[in-house]
Amino acid sequence: MTLHRIAVAVPGPFPFALTYLSDVPVPAGVRVEVPLRGRKVVGVVLDVPADDTLPEYRLKSIARILDEAPVLDETLLTFVQRLAAYYHAPLGEVMQLALPVALRQGKPMAVADVPLWQLTEAGRQQAVEDLPTRAVRQRRLLAHLRAVGSADAEALRGVSEDWRGTLRRFEEKGWVEVRTRPCLARKVEPDPRHDLNAAQEAVVSAIDTDTFGVHLLQGVTGSGKTAVYLALLERVLAAGRQALVLVPEIALTPQMVDRFEQWLGEPVVALHSGLNETERHCGWWMLASGQARVALGTRSALFSRFRNLGLIVVDEEHDPSYKQQEGVRYHARDMAIWRAQQLAIPVVLGSATPSLESLHHAQTGRYQHLSLPERVGGGALPQVKLLDIRGERIDAGVSAPLRHAMARHLAAGNQVLLFLNRRGFAPVLMCHDCGWQADCPACDSHLTYHARPEHLHCHHCDYQRPVPPTCPQCGSRNWLHVGQGTERLEAAMADVFPAVPVVRIDRDTTRRKGALEEQLARVHAGEPMILLGTQMLAKGHDFANVSLVGLLEMDQGLFSPDFHAPERMAQLIVQVAGRAGRRAQASEILLQTHQPDHPLLRTLAEGGYEAFAEAALQERQLAGLPPFSHQALLRVRSHHSEAAQAFLTQVTTAMGIWPQVADGSVALWGPVPSPMPRRQGYWRWQLLLQSESRKPLHAVLHRLVHGLWRQTPSAVQWSLDVDPVDLY
């Protein structure tokens, strides 16, 4: 019998496919169960040559073929392999990104329809009052089914703990029957009001939905970019195709899903980290089978399988959360462009503050640059005013000029937004008598003091501990809370403006499901209030009655060792400022700063984001930094700093004689300690590789990864970040 050699991508840190034997040919994209290191794992067959150098007796056989047809179609399989090659990531780990957990576990590709229980004619005639008063569960379940008509298991579970037993008794009496529905089946009430203004119509007309192209849509906050996306989706859906809209995790709210469904008149698959695995598998199957046509999701939604994808939109394309920071460090925006190119479909990148990379590509003609320069409804775009707080008395982070402005706007019946990108009460807990500070035992970082509930918390590794009753060093109880967090700001504003409601929105106040929606509903009610929070407030919210925005402690972005920091600072300022002035009333943006004469801050305040971006790009070009060069960051970590340093030094020395390094095509910067040398219990060192051309850089990275995979000692771990957006 002829045995076939099959290349399989398996979970694990292998930079290549493993070869297995099969007594039948297996198509690419099919899942197989294979033995690996004493256990069975699920892998995906690849359309690449299997290793023919190994003797047959050394190869293991495939245990089971799991699919009759490929789970990953040819285009998705090719896309995933190309991504793995570009980021020099293990094939099997990248393949896992394209499979819901159920499929990684070997479960069937198709999702079964969801059973629904409904009352029969006999059940509808049964009165709840006729049931015994002791039959509380039966009365409750019967009343629920009479009220809603039909219900699935999830809904019934919320009505009664023993709902299955109760239903069995109903079935025996002939009161209920079972039917099914697709796993995604929501009723959508369409909203027919789809008017675009002239500027929006011009943008929609300028985008050809029948061919590949990268379209950078730069629209000021409140200019109606989402309406443009939806109009393009309508066109694509009318042609019988599907669409994918990517958004930052923090921006994907139920309200956004509702808006898309009401406009389009059909259910939208939402894909994000808050879903359980059943919901995620359902969404994947509905898109793969063509039963759903629109996906709205975060970066991992890019790996969904579509029957006939016709458009990709990347909203807030500048957002750093599109870059995965653990595992396979891919950038969803860049990979969205790749996937669109592969499928010959358009991709739209939208932002009020485009990344410097995207602006550069638009300036050089690689992207089509489209613009929405004015707000819908005529709301004025407020200018950022710098508040020089040098020498000013600062109470809880707020200066007197800002406090007076707040009083004025609140008295006029408007709302005020205060932005402080630091949660907790205070970033440092210090003993006022001896100077002891509460530090994280696993990171080079202080523990943040939280007042409600009272505890100390590391925001880097999630370590938590109670506040010690006395100073561990001197026994004093004289604690000092150093610095400002959103909790402290909330308490201070409640003291200064006791008659005004204060709403705080950050990760701590929105953990409970539905909490964010409740808080936003309070804001949208329109009463005068102080709204304060972190960058959660910067993501696409429309606060109609906010007329004053105060920005606190933004100077840190000017002095970070990471060259990306000023760009992030400017984007955050403009995005937060955009929450004000959405209606016609006059609005103010006040930025407190100790650096009012800093060139980048002044350029941003006086010339807006476009002027800032132009100046920042000139600085990048003079320094030879991206987008005028290409980088990769090799990080090494160990529980012992000496081990990490010695290993990375050895690697750097070995690379010094490689042709691309020796001739200067690829520069090596380091090894140096990471800006935060110790994190999560590991000591970290890093090496930055930089080149004007991708070709020599990736040649070095290919050789480097294969060498590291074979020769890394067990005491050391490494990771490679291609095109890093964060040097920490």
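Any Cβ shown, glycine's included, is placed from N, Cα and C.
Now, the feature entries from TrEMBL:
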DOMAIN    206-372  domain 'Helicase ATP-binding'
BINDING   CYS431, CYS434, CYS471, CYS474  Zn(2+) 1 binding site
BINDING   CYS440, CYS443, CYS458, CYS461  Zn(2+) 2 binding site
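Least crowded of the binding-site residues (CYS434, CYS471), judged by neighbouring Cβ atoms within 10 Å of its own Cβ: CYS434.
If you measure from the Cα atom of CYS434 (Zn(2+) 1 binding site) to that of CYS440 (Zn(2+) 2 binding site), you get 19 Å. For the recorded Zn(2+) 1 site, residues CYS431, CYS434, CYS471, CYS474 set the reference point as the centre of their Cβ atoms, and the other residues of that chain within 8 Å of it by Cβ are HIS432, ASP433, GLY435, TRP436, PRO472, GLN473, GLY475, SER476, ASN478. Surrounding the centroid of the Cβ atoms of CYS440, CYS443, CYS458, CYS461, where the record places Zn(2+) 2, the chain contributes additional residues within 8 Å, namely PRO441, ALA442, SER445, LEU447, HIS459, HIS460, ASP462, TYR463, ARG679, GLN680.
If you draw a 10 Å sphere around the CB of CYS458 (Zn(2+) 2 binding site), it holds 21 other CB atoms from the protein chains shown. The two recorded residues CYS440 (Zn(2+) 2 binding site) and CYS471 (Zn(2+) 1 binding site) have their Cα atoms spaced 15 Å from each other.
For CYS443 (Zn(2+) 2 binding site), the count of additional Cβ atoms within 10 Å of its Cβ stands at 20 [all protein chains shown]. CYS431 (Zn(2+) 1 binding site) falls within a strand when secondary structure is assigned with DSSP.
Note on the binding-site residues CYS431, CYS440, CYS474: the fewest other CB atoms within 10 A surround the CB of CYS474. Taking the Cα atom of each, CYS471 (Zn(2+) 1 binding site) and CYS458 (Zn(2+) 2 binding site) are about 19 angstrom apart. In the structure as shown, the Cβ atom of CYS461 (Zn(2+) 2 binding site) sits within 10 Å of 17 other Cβ atoms.
Cα-Cα distance from CYS458 (Zn(2+) 2 binding site) to CYS431 (Zn(2+) 1 binding site): 18 Å (rounded to the nearest whole number).
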